[in-house]
Amino acid sequence: MQHEKKTLWKVIGASSLGTLIEWYDFFIFGSLSIVLSTKFFPADNPTAAFLSTLATFAAGFVVRPFGALFFGRLGDLIGRKYTFMVTLMLMGGATFLIGCIPSYETIGFLAPFLVLILRLLQGLALGGEYGGAATYVAEHSPQGQRGYWTSWIQTTATFGLFISLVVILLTRLFLTEQQFDSWGWRLPFLISIVMVYVSYLIRKNMDESPEFKQAKAEGKTSKSPLRESFGNRYNLKFVLLALFGAAMGQGVVWYTGQFYSMSFMKTVMFLDSDQADMILGIALLFGTPFFVICGKLSDKVGRKWVMLSGMLLAVLTYRPIYEAMYQITNLANKTEIAETVQVEEQRITKEKGIDNIHIHSSTYTDGTAVRHIVTSHLNTKGQPILKGNGEAQRISKTTVHLHGANYWALVGLIFIQILYITMVYGPIAAFLVEIFPVKIRYTSMSLPYHVGNGIFGGLLPAVSTYLASNAKTNNAADFYLAGLWYPIIISAVCFIIGSLYITKSMTSKNL
Amino acid sequence: MENFKKILGILWIFLALITAYFCVFEFGLPKLSTGHQEDTVFGIIILFILTPIISIGLGIFGYYALSGEYNENKM
């Protein structure tokens, strides 16, 4: 018994470490998207460059289901262990190479093209990795404890994001801004190869999953996993139910808590970028143990209601939570301390003209510090450079820095969203594994997971930004909450489908 | 409950048609015609990836629900 438990911990350790590194690799790209946009995409228009990176980011998500199909099939044909070794190497190699690509200034359009290819490879690898790791762990777990043991795999996505934020913060801390901008941003990509190599060495010595080994020995593995998974009506109905009754809602709740919240803090609340990363990091750190708690809870009370409760809470509370977040930095509610106001003017002479920088900084009675910077572009004679519409070219940037109670209130509000994530995400690996038979498990569970998480979740930033800008154009007073309609509606539909159609007999088939 | 699950199948099929309409005519096609690179990418993703998955997938799910595939005795 003791020996079995030790083996199980080894399985969990090896699987989780690899999956953690894959998530780290995947998130590093998103976390550094602003720097990457200036390095790899034409810099004539910074917004276009940034959006191009986001498009690449989306491409990374869109290919994940294809990775799920390709590697899922492989995993059901030749085994879980070898397949998720391949995905690990593919991910590590692609991440390392992104860190090696010369910038657009050096090799022109080849740079963004190579980045796009490598990003697609990352998406493919991730599509194959998760299902393999979850299946591998579940097939080692004792009956009735799958929720608990697979929940360790579930912590890796959030922890991977946390590690990526920490690595970026540390790199920024030890380098000057110039060094980071020039070459420091490559370090988080390059160190991935070391982590992948260590994980490879650990995984190499692991055994194949006992359930798959037994199925193979008995000649019960599938000859055509794709056809048996999706061409068979009986199995396809479970794939669709897993997607629309669980994975779809899980995907949007996951993305809202981890990514929409970050983007909201930076672009709507104008919070200082490092502070926003730190707030999210703290909330992630405190929230991560709850994946295991929710996984274990699902072994006792069932997966269905733990997941669906998380979705329902999200539907009911997202708007109040984001309203409260918005009000934390709403300067209309605050009183400025007149003595703290500082105004500074700077002039920087450049090759093509002069940048006139006006800095206005002040502190409010609750400790909030605000810095407002307006940069006007002037020609060499000191006259304003005009845009096409005759207005002066001017860039304005506001940064808010929180202190004291406001800071912790914001951590608390993000933490609540992380708790919802742990409820929907903690038990989902066990749920997906348990509804499909061993011979087509890897393929069948990977697709709904990656469509739900990758496509429904991955497109959340784009769809929510679209909804928010539409609301702003229509002068809606609460335009900043409009983007939430996407996760709210998707979660609500998912909740209804899940609560009606997922039945006990479906999840207790002992496959 | 079994009949209710069947009847709701109609709602899921209807929802699949509505999402297809919104994805194609409100999100997808207008994005393709703006001429901006980022909009084109977004439009293509919506039209050729998201729409088929949501609409066809939800449509099939609705059809299965309507034909009683999710009734307790068939699970």
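Using N, Cα and C of the backbone, Cβ positions are placed for all residues, glycine too.
Here's what TrEMBL has on this protein:
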type	residues	note
DOMAIN	A:11-510	domain 'Major facilitator superfamily (MFS) profile'
TRANSMEM	A:12-36	transmembrane segment
TRANSMEM	A:48-71	transmembrane segment
TRANSMEM	A:83-104	transmembrane segment
TRANSMEM	A:110-128	transmembrane segment
TRANSMEM	A:149-171	transmembrane segment
TRANSMEM	A:183-202	transmembrane segment
TRANSMEM	A:234-255	transmembrane segment
TRANSMEM	A:275-293	transmembrane segment
TRANSMEM	A:305-322	transmembrane segment
TRANSMEM	A:407-435	transmembrane segment
TRANSMEM	A:447-467	transmembrane segment
TRANSMEM	A:479-502	transmembrane segment
Task = Quickly jot the same-chain residues contacting the transmembrane segment (A:12-36) by Cβ under 8 Å, restricted to those at least six beyond its ends, or write none.
result = 50, 53-54, 57, 60, 84, 87-88, 91-92, 94-95, 98, 115, 119, 122-123, 125-126, 129-130, 133, 136-137, 149, 152-153, 155-157, 159-161, 163-165, 167-168, 180-181, 185, 188-189, 192, 195-196, 198-200, 202-203, 206, 259
Inquiry  = Does the structure show the transmembrane segment (A:234-255) and the transmembrane segment (A:407-435) touching, where I'm treating 3 or more Cβ pairs under 8 angstroms (sequence separation 6 or more) as a contact?
reply    = yes
Request  = Establish whether the number of Cβ pairs under 8 Å between the transmembrane segment (A:407-435) and the transmembrane segment (A:149-171) reaches at least three, counting only pairs separated by 6 or more residues.
outcome  = yes
Query = Mean pLDDT, the domain 'Major facilitator superfamily (MFS) profile' (A:11-510)?
reply = 88
Note = Beyond a gap of at least 6 residues from its ends, the CB atoms lying under 8 Å from the transmembrane segment (A:305-322) belong to 246, 249-250, 253, 256, 264, 294, 297-298, 413, 416-417, 419-424, 426-428, 431, 480-481, 484, 487-488, 491-492, 494-495, 498-499
Query = Taking a Cβ cut-off under 8 Å, which residues six or more beyond the ends of the transmembrane segment (A:149-171) line up next to it in the same chain?
reply = 8, 12, 15-16, 19-24, 26-28, 31-32, 130, 133-134, 137-138, 140-141, 180, 184-185, 187-188, 191, 254, 258, 274, 277-278, 280-281, 284-285, 287-289, 291-292, 294-296, 418, 421, 425-430, 433
